[in-house]
Amino acid sequence: MASRFLFVALFSLTVFHVSSVPSQLQDFCVADLNSQVFVNGFVCKNPNAVTADDFFFSGLDKAANTSNHMGSNVTAVSVTNLPGLNTLGISLTRQDFGSYGLVPPHIHPRATEILVVVEGALQAVFISSTNYQMYDKVLNKGDVFVFPQGMIHFQYNRNSTSAVAFSALSSENPGLVYMANSAFGSNPSISDDVLAKTFQLDKKTIDLLQARFSTAH
């Protein structure tokens, strides 16, 4: 009995280890963004060619332009502009909101996001996969909210004054899929028959929406 219990315990530990994120096998793996080799992530740059600049990004102290139709601007710091993040499983963003600015409904397929408001106030919302339950919270300066991985979520400035937030994400390359752009701005376009039936709209309305979001390419 004891040996059977030991086997089960060791098997459980093995399964847990295999299913977990593996430990790093070296100090760092700076992304070689110019490599033509495709792997799940980025190939490591030769360590002898790595410099401090590979771990450096500047500019998050500066407000981004929010003079656009959404009234918001997200400055992302991920592996694509900070190669030293490769394999480290973390990234961040600065989110600037103008008057009534919105970061529209979207998902991060590869990351959980934790957000902190540093200026103004924001409405933070995510929708779960269980009965499409909506979790809605108004955040003020210093407040923190977490968006679970893969959940549709958005941030909205319900005020005429500006707002600023920072977020950390649990992937060096979290991915970003805007709901509206995905449905109406795909390349090639989803059939208007499919979209009309899905959204219960007439094809003329669908065509207008596709024309609006086609500029996303």
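Indices start at 1 and increase along the chain as displayed.
Just so it is clear, glycine is given a Cβ too, placed from its N, Cα and C backbone atoms.
So that you can see what the record holds, here are the features copied from TrEMBL:
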SIGNAL    1-20  signal peptide
DISULFID  Cys29-Cys44  disulfide bond
DOMAIN    58-207  domain 'Cupin type-1'
BINDING   His106, His108, Glu113, His153  Mn(2+) binding site
BINDING   His108, Glu113  oxalate binding site
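Where TrEMBL records a feature, it is marked here on the structure.
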residue	record	contacts (Cβ under 8 Å, 6+ apart)
Cys29	disulfide bond	Phe42, Cys44, Lys45, Asn86, Thr87
His106	Mn(2+) binding site	Ile152, His153, Phe154, Leu176, Val177, Tyr178, Met179
His108	Mn(2+) binding site	Phe147, Gln149, Gly150, Leu169, Ser171, Pro174, Gly175, Leu176, Val177
Glu113	Mn(2+) binding site	Val146, Phe147, His153, Ser167, Ala168, Leu169, Ser170, Pro174
Original post:
Quick one: which residues besides His106, His108, Glu113, His153 have a Cβ within 8 Å of the Mn(2+) site's Cβ centroid, in sequence order?
Top reply: Ile107, Ala111, Phe126, Phe147, Met151, Ile152, Pro174, Leu176
Original post:
Which residue counts does DSSP give the domain 'Cupin type-1' (58-207) for helix, strand and coil?
Top reply: 22 helix, 56 strand, 72 coil
